[in-house]
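Peer 1: Okay, here's the structure, questions in a sec.
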């Protein structure tokens with residue numbers, strides 16, 4: 001089957017309403033892009049929990065609607081334009097064909113083995129490991145965050161490789177796919193816990209961990225609180241985002257044993273000062289490494305009696 005895309009360039013004020021109207025008029029899907037992408041006028045829009053973007057579209061937006069090839073695209077545009085109070089003649093559009101493809105093969109071709117650090121490979125299931133003697137994780141792109149391709153995941157993996165947690169306990173908070181927990185287990189940790197607020201992430205992590213023959217226990221936060229497991233760890237890793245990390249500073253710091261280490265990522269280089277300040281009452285953090293504008297922060301508690309929180 002083939003499809004036809006309707007491409008419309010509009011001002012920000014009409015982008016969201018026109019997108020909804022195109023869906024109502026019969027489009028199969030609609031996306032909004034920056035019409036100036038790749039030019040000097042490109043306008044980045046991004047956010048994170050507690051810091052959402054103030055605008056839902058770009059000043060100069062491109063609305064792309066996917067339709068069946070046999071549909072009347074002009075009628076769809078006219079109906080959508082009328083719904084948002086525009087004359088059909090005021091909404092210029094172009095059409096482009098989308099041919100049928102082998103989407104499985106196309107998707108697989110976009111994911112090659114990833115080499116991380118000195119000796120870690122993340123390998124999709126349809127590839128062979130380039131170096132079977134390396135630390136190899138078989139991991140397919142899926143529903144949970146974490147395949148090693150993002151700089152923050154890479155930074156945490158490189159830290160773990162540089163500081164092998166042999167015989168130590170490790171907490172991966174915000175575990176996503178379980179990739180960091182699995183690396184810790186393969187590097188010698190004998191007690192690895194992964195925690196995530198998303199049940200789907202826990203499901204994905206369990207699947208990945210079984211596939212990779214690792215020993216990791218995964219919990220939702222409330223489940224961990226009642227698990228009876230020790231609540232402090234030799235190493236705590238959290239690859240989330242700056243704002244949640246700041247909010248969780250007392251809790252995450254309290255999970256670190258005296259003499260233990262805390263590693264944070266999901267932090268932009270421009271956010272180092274504010275994140276470090278949030279943790280300053282509990283632990284001193286410094287930049288361990290930076291990659292593509294993202295950093296890993298690391299710190300160590302002084303040795304002493306355990307005082308972690310439950």
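Even glycines carry a Cβ here, placed using N, Cα and C.
The annotation S-adenosyl-L-methionine binding site is assigned in Swiss-Prot to 153, 174, 196, 239 on the grounds of sequence analysis.
How buried are the listed features, and what sits near them?
Peer 2: Residue 153 (S-adenosyl-L-methionine binding site) counts 25 other C-beta atoms within 10 Å of its own C-beta, drawing on all protein chains shown.
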Peer 1: Could you check what DSSP calls residue 196 (S-adenosyl-L-methionine binding site) once collapsed to helix, strand or coil?
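Peer 2: Reduced to three states, the DSSP call for residue 196 (S-adenosyl-L-methionine binding site) is coil.
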Peer 1: Hey, what's the widest CA-to-CA gap across 153, 174, 196, 239, the S-adenosyl-L-methionine contacts in the record, in Å?
Peer 2: 15
Peer 1: Sort out for me which one of 174, 196, 239 has the most neighbouring CB atoms within 10 A, since those are the binding-site residues we care about.
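Peer 2: Buried the deepest by this measure is 239.
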